[in-house]
Every structure is written in structure tokens, then in C-alpha cells.
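*Asks:* Quick one: the structure is below, questions incoming.
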Amino acid sequence: MTRDKVWLSSPHMGGEEARFVTEAFETNWVSPVGPHIHAFEEALATYNKIPHCAALSSGTAAIHLALIMLDVNPGDEVICSSFTFSGSCNPIAYQGATPVFVDSETSTWNMDPALLEEAIADRRRKTGRKPKAIIAVHLYGTPARIEDIMAVARRHEIPVIEDAAEALGATYKGKPLGTFGDLGIYSFNGNKIITTSGGGALVSENEAWIKKARFLSTQARDPAPHYQHSEIGYNYRLSNICAGIGRGQMLVLDERVRQRRANFEFYTRELGSLPGLYFLPEPEHSFSNRWLTTVLIDPAGTHGVTREDIRLALEASNIESRPLWKPMHAQPVFKDAPSYVNGVSDRLFDLGLCLPSGSNLPAADRSLVAEIIKKKLQKA
Ligand SMILES: *Cc1c(COP(=O)(O)O)cnc(C)c1O
């Protein structure tokens, strides 16, 4: 096969990144200190209309520090969306706390606010205490019903960490995702809508938390000429080199959102009316960044063609696609965690496929994906 592999979602540089990185080399700010870090934090904060931002080494590190800000400790329980990537909930375990998983609703595929309410009530009954925090995820760039989630959380006075790792550039009622919760996080991993090769950020209205997060992310050094520590620190700061890449990527973020949304529009136009195929419409008041285009393939409507059949047909043509996230309540590592399950995320995992969605996906490759899927369905 001579054609290059078609990737699910690959890095897409805008052109200015190398200039910022070169500047870092020329000024020798080749470390986790330097002017790009501050400028990248400023750019993110301005874009998201939130006052405070700390640039970190990953989205997972951002969630970990958020849990530390909220004083999550061994024995505590933290509620998390079950339908997500493990980076959302691994930091709960780092803190020795217990994750409690809450399933999705069909209209957004994100945390069901009514089930969240039930889960909180049940945890209070069973443990005599309320969960210490809630991690609410916006998956694939589609907004959760975040106002309803916040209303439940406020009623119980439980702080919310908004995991917008996949949702930079998406909004709910015009407000950027990641800015509804007490703390929000973003990821700049290689496959995300923009990348710093690896990185993340923590945002909040609360300046003290963000200052504390920066302090902890640079090994918690007390002000002294020697190295002195009164607290356990972490090596979680973003490097000035990576922040330079991030500055370049911020210049093209809106363009990347347009390109990702165009992929979704193309796939729905080509495939949306085929029996057995389903694309999640944009929920009310929501603007999705359509990070990945996802499709449900229901064998009851396709004469038996399954998600796996389609995935393997694409793979045979050197095209990468991937099942939707396997819910956390079904992961071996979290099998003992309390879970509030309604069947929605299990069904999404059974039927769902992420299609090639890069902002740099050539139009010819995208058409090929649609043709292969159509052909597979016609044969059945
Ligand atoms: C990518 C991702 C994370 C973790 O981000 P990293 O930068 O890879 O550590 C967390 N949550 C979700 C939903 C993600 O997709």
C-alpha cells in the first residue's frame, strides 16, 4: 500500500510554532521557566474569558492539582463521569480517594444531571458524608448540560472540576467550557484540538488556587536561597519550549474548530440518512468543537453490520478509527468503584465509532472513509 495511513486525529501545526520555539532556543529559555509560559497562560485566559490560568505538563496533572486544591484526601469520594478517558479519574486514585461513577444521558452523552442527584443522595445515605468533589466531562467537544450539573452541585455545596480536555473552543450559551466549574482543565496532548506536544492547563476565577497550583507544580519551593520545602510538590510545570508551540497553536484555534466542525458536517451529509447510523446533533444552547466525529452503528438497522465490521473495513484500507471510550465503570481497574449506571454509556461503547477527524485530514481521505462505510453497508 503506497497511500499514507489516515489517522484518527494527528497534530496540526499552524506555522508560527517553530518561530516561538526558535525564539526560546535563541534566548536560552529552554526550561520550565520563561516568557512563553506566561504569554501562553495569558492567551488561554483571554480566549476563555477567565482571569487565572496555570500552564501544566498535562491535563491529568491539572486534574490532580485541582483535586489537591479541593482538599481531596484518602477516604474521600469523588464523583466522575463514567463515560470518559481514564485521565479524568486516575488522579482520584493518586489522592487515595474513591471514584464514584455516574452514567450519561442520551441527549449529550455526558453526565446525566438527574442521575448525579440520585448518586449524591445515595452516597450520603450510605456513607453519612457527601462526595468531596464532582468531575464533569465534556466528551468529544460536546457540552454537557453544565448549568443543570452546577445547580445540583450548588444545592449540595459540592465543588465542580470541569474536564474540558476535549472541549477547548466549545461553548454553552456562548460561555467557554471549562469556565462554569470551580476549576476547569484543558489538555494539549498530541491528539487534541490544539497541541503543545504534551501539556495541560488549569483555570479558575480563584486566583489563590491558581497561584498555589503553580507553586505545587514547580516542586513547592519555599522562598529561600537554598531549596527548602514545607509541602509535597510535583514536577508538573509546562516547559517554555512547549508553551512556545502552544502560543503558535492559539493563533489557529478558531480555524481548527471550523475544520473539525466541517468534518462533522461532511460525514453527516454523506452518511447521516443511512439506516442504522446515528450522529449526535448539537444539543440546545451548545456549540461543539466536534473534536472527533462519532457515529453509532446499530446492527438492528444495518442488516447486521456492526461497529467492528466498519472499523475493520477501514483498517484494511490503512485508515485509523476507534471505538468510543469504554466507560470507567466497566474498566477492570475500577471494578470495585461505586457506580450509578443506566445503560447509556454501555450502549455508546457497543455501537460507537470515532471517525478520522483531524483538522488536517485531506478531503480525499475523508471521502474515502465515507465511501468505504457506504460500500460495507450496501453489501449487507
Ligand atoms: C486527554 C484527556 C485527559 C487528559 O489529558 P492529558 O493531557 O492527556 O493528560 C483528561 N480527560 C479527558 C476527557 C481527555 O480526553
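For all residues, glycine too, the Cβ spot is worked out from N, Cα and C.
Annotations in TrEMBL come from automatic prediction, not curation.
Pulled the feature table from TrEMBL, pasting it below:
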ACT_SITE  Lys192  active site, proton acceptor
MOD_RES   Lys192  N6-(pyridoxal phosphate)lysine
*Asks:* What does DSSP call Lys192 (active site, proton acceptor) in the simple three-state scheme?
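*Replies:* In the DSSP reduction, Lys192 (active site, proton acceptor) maps to coil.
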*Asks:* Name the residues of the same chain, 6+ apart in sequence, whose Cβ is under 8 Å from the Cβ of the residue listed as 'active site, proton acceptor'?
*Replies:* Ser9, Ala165, Glu166, Leu168, Trp291
